[in-house]
Amino acid sequence: MISASAAAPYNEVMAGGDDAGSPALLSKAEEVEGRGHWGTKAEFILTVMGAIIGPGNVWRFPYLCYRNGGGVFFIPYILFIFTCGIPLFFLETALGQYTSQGGITCWRRICPLFQGMGYASHLIIAFSATSYIIILAWAFFYLFQSFSGDLPWATCGHYWNTGTTVLVYSKNHLNLSMTSRLNTTLPVVEFWQRRVLKVSGGIEEVGGLRWELVLCLILSWIICYFCVWKGIKSTGKVTYFTATFPYVMLFVLLIRGVTLPGAKDGIIYYLYPDISRLLDAQVWMDAGTQIFFSYAIGLGFLTSLGSYNTYNNNCYKDCFYLCLLNSATSIVAGFAIFSVLGFMTYEQGVDISEVAESGMYCLNSVQLYTGHESGSFIHFL
């Protein structure tokens, strides 16, 4: 960490000193004024929250807990928080705050040879943006479809259904042999594959454009543009909603999940530790990668966001609490997800391992809530 006293010579040179007339040296005051600052500390906190908290917390962390011994996964996870996550998170944020530069240009002030790391991190962000924006387009598509009278993925009989769909939301509603189950699909799965994506028969069939998804994708890019078109002035204001609303939804889903029958069994499965898994190197690898993934380490935007802080901002305290909030969100999301899994096993009369597969429990929970009394409200969320 660079102290304020060590930074004093840097500030004196940047302020001009005897070489103020040199075109190679930029006035620190002019630089900061041109780059701007966050309107309030809350804008910085909320923007970083919105950047680091996402699907990795809600989807990936609960699945990794399931795959790596339940509650025992918390041991390597918490260890990596304090040995890797918080120090590197603080390092990247402090680098931007100290130099008042973004993820690429900050290295010109520290070590120009390392500029390649800045370019590489921005390339990763570009690829990630094209991936996440598609997920956002899918979300808009589902949102628009949910305004219909009957949820289209809740029932069979639509033109995209194959005739082999079956509603499975309670062990008391269906009695099929194993052979019959292998030849059936859920309507939520067919809606996803045959209505949303219209998956082709193979890689040799390119297929046509899904114009509904194209329009949703354009809408997503337009919204993103207007969120950032005025820089931090617009971004900071937007995050008051975008960073807090997901917590409201997570809280609603958590309360709804833990009040469902069978939720207790799912939570016990979530917390019950399998100590023997600590000897498995894969558990430690998954814990480390989850920290780097959910804390957005090495992507450069922590440096960019930190560069808009005032020079004397206590970024250490900010980073410490943001890291704890990130991990707490992951743990709370695990309670919400596993309470639903417990309800699913209770309703279907199967083992929790049959529904807790990567990604598939999300689709199954949609189908499950469809058959439950509060389904429409949950779908809207």
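Counting begins at 1 with the first residue displayed.
Cβ atoms are placed via backbone N, Cα and C, with glycine included.
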- prompt: Need a hand: TrEMBL gives Gly50, Asn57, Asn326 for Na(+), which of Ser294, Ser304, Ser307, Ser353 is also on that list?
  reply: Ser294
Query: Against which stretches of its own chain does the transmembrane segment (283-308) lie, if we need a Cβ under 8 Å and a gap of at least six residues from its ends?
result: 35-38, 44, 47-48, 51-53, 56-57, 60-61, 64, 67-69, 72-73, 76-77, 79-81, 84-85, 88-89, 92-97, 99-104, 106, 118, 121-122, 124-125, 128, 232, 277, 315, 323, 326-327, 330
- prompt: If you run the three-state DSSP split on Ser294 (Na(+) binding site), which class comes out?
  reply: helix
Message: Give the nonlocal contacts of the transmembrane segment (74-98) in its own chain as ranges (CB under 8 Å, at least six residues past its ends).
response: 1-2, 7, 48, 65, 106, 110, 278, 283-284, 287-288, 290-292, 295, 297-298, 300, 302-307, 309, 311, 313, 315-316, 318-320, 322-323, 327, 331
- prompt: Three-state secondary structure of Asn57 (Na(+) binding site) from DSSP?
  reply: helix
Task: State the residues, same chain only, that lie 6 or more residues beyond the ends of the transmembrane segment (119-144) and have a CB under 8 A from a CB inside it; answer 'none' if no residue qualifies.
output: 54-55, 103-104, 196, 212-213, 216-217, 219-221, 224, 298-301
- request: Might you list, by sequence position, any residue in that chain lying six or more from Gly50 (Na(+) binding site) with a Cβ less than 8 Å away from its Cβ?
  value: Thr239, Thr242, Ala243
Task: Would you mind checking how many other C-beta atoms are within 10 angstroms of the C-beta on Ser294 (Na(+) binding site)?
output: 23
